[in-house]
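Take a look at the structure set out below.
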Amino acid sequence: MRPARNPIHIVSVWVQRQPPKVKAFLAVVLGIVALMVLRFIVHDHDNLFVGAEAVHSIGILVLIFKLTKERTCAGISLKSQELTAIFLAVRLYCSFVMEYDIHTLLDLATLATTLWVIYMIRFKLKSSYMEDKDNFALYFVIAPCAVLALLIHPSTSHYFVNRVFWAFCVYLEAVSVLPQLRVMQNTKIVEPFTAHYVFALGIARFLSCAHWVLQVLDSRGHLLVALGHGLWPSMVLISEIVQTFILADFCYYYVKSVLGGQLVLRLPSGVV
């Protein structure tokens, strides 16, 4: 008698065999379904943004546990942490001078923990830092984000510099995880705590993206008008979508690994 096959395994194998265009289509369909579910179960969609910040904080706490208990920073990208600190610092400045709310406090807490992680990697656990694997050039993301912010930024009544800073932090956040993905691409094997952290980032990015998309739908497009004119409203949505899809592939393999009972995540070639 042939043993029963795991339905999850059957689906995952089928998905892996599909061409990239089909995989992209399935990801879009799954994203739309998830958005519709969130739209009906979450009544105040502002809670999605707060949830995104909270999940990001949980991811940072996972890193703190790894650094303090295992006393190693292997597999963690210092450059991603530095990019995160930069966009959080800029966003905090913009929050103080443009709008002050609960998001400001959440950003402040996340920035403080991120700076602590950077301190631990640079000074306390430097011997375990995989500098040769963390080889993503930061100017490849910082310079384009700065140029794009100068060209496309909010058209509000705030000072020009503040509007450019706000656009810069939006663009930089969208690509801040790229150095971490490069580290995982170079190592191919991701240990549990690092995988949990990156998966938390993926969930946080999706919740943030869902917040913006649902806000636009609820306002029937009026939110885009409130954000200003020109390309800026569209760029906000594009940035949210980009940072979600950057992590989508990794999240798929993470879920597959967890459901399969594997503690260590092994990534196929070309995943990240």
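Cβ coordinates are placed from backbone N, Cα and C, and glycine is handled just like the others.
Quick look at what TrEMBL lists:
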- 24-42: transmembrane segment (TRANSMEM)
- 104-123: transmembrane segment (TRANSMEM)
- 135-152: transmembrane segment (TRANSMEM)
- 164-181: transmembrane segment (TRANSMEM)
- 193-214: transmembrane segment (TRANSMEM)
- 234-255: transmembrane segment (TRANSMEM)
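In terms of C-beta pairs under 8 Å, the stretch of 104-123, 135-152, 164-181, 193-214 lying closest in packing to the transmembrane segment (234-255) is 193-214. Long-range Cβ contacts of the transmembrane segment (193-214) within its own chain (Cβ-Cβ under 8 Å, at least 6 residues beyond either end) map to 31, 34-35, 38-39, 45-46, 48-49, 51-53, 55-56, 58-60, 62-63, 65-66, 70, 75-76, 177, 180-181, 184, 236-237, 240-241, 243-244, 246-248, 250-251, 254, 257, 265.
Sequence-distant contacts of the transmembrane segment (104-123) (same chain, six or more residues past either end, CB-CB distance under 8 Å): 50, 53-54, 56-57, 60-61, 63-64, 67, 73, 76, 78, 81-82, 84-85, 88-89, 91-92, 95-96, 129.
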